Amino acid sequence: MSSFGSPRSRFSRRAAWLVVLGWVILVGALAALAPSLDSVESNDDDNPPADSMSMRAAALARTELGVDSTPPAIVVIRSDSPDSTRDAAGAITAAIESADLDPVAGILDSRSGPAGAGLATADGTAEAVVVALTGDPADDQFRDAVVELREIASAHAPADVDVAVTGPAAIVVDAVKVFGGSNKVLLLGTVALVIVLLFAIYRSPVLVVVSLVGVGFAMRLAEGLGALLAEAGLIQISGQTASIMTVLLFGVGTDYALIIFSRFREALSTTDDPSVAVAAATRSVSAALLASMSTIVAAVLALLTAVTPTLHAFGPYLAIGVVSMAAVAFTLTPALLVLTGRFAFWPRRAPVLGQPLRDPRTWSRVADLAIGAPRRVLAGGLAALALLSTGLIGVHQTFDLVSGFRIETESAAGSELLGDAFGPGAIAPSRVIVRSEAPIDERQVETIRTALTTAPGVAGLGATTTSPDDRSVGIDVTLDANPYGAEAMDRVPQLRASVDEAADQAGVHDVEVLIGGETAVAADTREALDRDLLVVGAVMLLAVAVILGIVLRSVLAPVYLTATLLASYAATMGLTAFITITVGGDLGIGNRVAVYVLVFLVALGVDYTIFMMTRYRQELATQDPAAALRTAIVRTGGVISSAGVILAGTFAVLMTQPIRELYQFGLAMAIGILLDTFVIRPLLVPACIRLLGRNALWPSRPTHL
């Protein structure tokens with residue numbers, strides 16, 4: 001067998017069988033050695049940075065005040081009869097106490113003395129029972145406790161009494177439940193969609209099987225390696241990361257397979273030996289595939305610069321998946337094509353030696369448009385993208401997990417009941433903590449409480465907790481706005497300033513004022529995400545530009561290519577905001593969606609540009625720039641558009657998930673990929689290249705004379 005890099009190299013059938021056997025052994029060994037992915041998933045890192053104010057407040061409350069920061073559950077009881085409400089609340093409280101559930105640390109209701117003040121409405125038609133819990137909300141014991149609380153509440157509520165268990169603890173449990181089991185549905189939906197689209201494109205069940213087998217092996221490899229690393233504590237894997245990994249591998253895997261299939265089909269017209277054709281196809285796309293893998297890996301690893309823990313932990317596992325998929329594309333996919341040969345295209349006939357390939361009429365017309373009228377194409381395309389970008393005007397992020405459920409949940413129903421009876425802030429009160437170097441006496445505490453009652457945005461005060469040395473005081477504060485909304489988050493600095501001023505007036509000096517609770521957590525998370533969007537975006541774009549510069553041997557090309565990516569991102573987010581908020585009624589864009597879309601849209605969007613640009617560079621060796629550009633558009637148009645439709649479709653499957661963030665992310669990625677596939681790559685990029693002429697790859701110059 002001749003060397004792989006020579007012009008007539010071939011991939012022998014014996015080598016192909018060895019490659020397949022090697023993959024079977026590797027994946028089988030990992031399956032035996034690695035734990036299941038579910039057993040190492042971690043869903044408890046959805047917090048702001050550890051040094052943020054809300055996290056410091058939680059730590060201080062735990063160490064100084066003896067207050068666990070675990071979110072509580074709230075049982076809300078409401079009826080038209082005050083007597084029915086009071087009796088049901090008493091019965092539910094007694095039943096919870098007698099159940100002696102391990103995670104339950106305490107119960108607070110309207111009969112708990114001064115601490116329970118405000119847990120019943122003035123007319124007596126509604127009451128709330130606050131159940132303090134301990135432990136990790138992601139643990140089975142914690143979730144079981146919330147389930148049992150719901151069973152107890154339902155069993156002891158008469159037919160004329162509405163009852164629901166809500167509060168931060170129940171919201172988290174419902175979120176975990178909604179995520180649980182969704183991966184299997186997502187996997188089945190993705191597989192079904194990919195099968196339909198692949199068959200529609202190639203009308204060959206053999207190529208469908210080759211593509212899916214490759215994705216399956218890559219997924220098993222990534223899951224095995226990821227599980228081993230997570231078990232060793234080297235990386236973290238969340239349920240959301242696992243969901244996106246499924247979509248990413250199917251999308252990228254079928255992209256890589258389609259690119260190889262296309263070049264394999266071209267190579268069959270130049271040789272009668274399928275083994276030689278496979279080697280030629282793999283060699284011709286190797287630079288593009290390596291560049292594609294590098295850009296995606298660089299993009300997801302740019303998340304390591306994030307300070308938001310969820311984002312920081314997001315990248316490594318996805319990078320493992322992309323590298324695994326690239327390994328399959330360079331080894332297993334070519335091996336399977338060698339073993340299937342021309343039969344891979346059955347029942348259609350594969351090209352034969354000497355048979356010329358016809359230029360697709362559609363892509364010939366697209367190429368003629370972009371090359372013949374580049375100024376009009378560029379101006380029209382940029383105007384359309386600018387128009388779509390206007391959807392971002394006035395858009396804000398939302399942190400309201402309750403409104404993010406796209407199915408009915410008890411926590412959402414309970415939140416509505418609680419808000420109607422006690423005000424929107426009752427579901428998640430904040431905690432003001434004042435820490436002084438000197439003891440704080442009762443008079444000073446009362447002065448601070450009195451000042452808080454008139455502070456902007458404060459609807460009411462709850463219990464006061466004092467440390468054993470009297471140097472730390474915690475006061476529960478109910479805000480007059482949705483605790484997960486922008487209005488409440490904007491009040492956090494004002495509340496902190498009011499408390500600081502009140503402490504000074506009370507004679508408490510050298511104090512540290514901290515705000516804890518769900519609203520402060522959301523505010524700190526928002527601040528961290530705003531920072532991460534800029535930093536991660538800058539690092540990622542720089543890394544992508546460097547890779548493009550190396551692959552294309554150009555300084556200028558990365559500039560206009562990354563500019564088109566940013567224009568595509570702005571248009572994508574604008575159209576997504578219009579569809580989900582203006583039309584769909586969402587409260588805002590999910591708080592992590594903007595970062596996720598930026599990372600994945602840039603990483604995956606630049607893929608298609610790389611495939612076309614590397615083909616353009618190859619054609620420059622034998623053609624003038626205009627002819628080379630036309631050949632690149634025509635020859636890559638069909639396969640890239642097919643890959644784009646499949647990739648958009650796989651991300652669109654996320655829209656079936658019952659969580660707003662996944663729905664919006666899936667929608668945005670589908671929109672962005674289709675924009676890149678049918679606007680950016682075939683029209684705007686060629687128009688830029690045509691206008692720049694021989695300088696398009698500066699300082700490189702065309703080699704054809």
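Just so it is clear, glycine is given a Cβ too, placed from its N, Cα and C backbone atoms.
According to TrEMBL, the protein carries these features:
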type: DOMAIN; residues: 208-339; note: domain 'SSD'
type: TRANSMEM; residues: 185-202; note: transmembrane segment
type: TRANSMEM; residues: 242-264; note: transmembrane segment
type: TRANSMEM; residues: 285-308; note: transmembrane segment
type: TRANSMEM; residues: 314-339; note: transmembrane segment
type: TRANSMEM; residues: 377-395; note: transmembrane segment
type: TRANSMEM; residues: 533-552; note: transmembrane segment
type: TRANSMEM; residues: 559-581; note: transmembrane segment
type: TRANSMEM; residues: 593-611; note: transmembrane segment
type: TRANSMEM; residues: 632-656; note: transmembrane segment
type: TRANSMEM; residues: 662-684; note: transmembrane segment
Per-state residue totals over the domain 'SSD' (208-339) - DSSP helix, strand, coil: 114 helix, 1 strand, 17 coil
Contact between the transmembrane segment (533-552) and the transmembrane segment (632-656) (3 or more Cβ pairs under 8 Å, separation 6+): no
When counting Cβ pairs under 8 Å to the transmembrane segment (559-581), the leader among 185-202, 314-339, 377-395, 662-684: 377-395
Highest-contact recorded stretch vs the transmembrane segment (593-611), from 185-202, 314-339, 632-656, 662-684, CB pairs under 8 Å: 662-684
Proximity of the transmembrane segment (185-202) to the transmembrane segment (632-656), 3+ C-beta pairs under 8 angstroms: yes
Distal contacts, the transmembrane segment (314-339) - CB-CB under 8 A, six or more residues away: 11-13, 15-17, 19-20, 23, 210-211, 213-215, 217-219, 221-222, 225-226, 229-230, 234-238, 241, 244-245, 248-249, 252-253, 256-257, 260-261, 264, 274-275, 278-279, 281-282, 286, 289-290, 292-293, 296-297, 300-304, 306
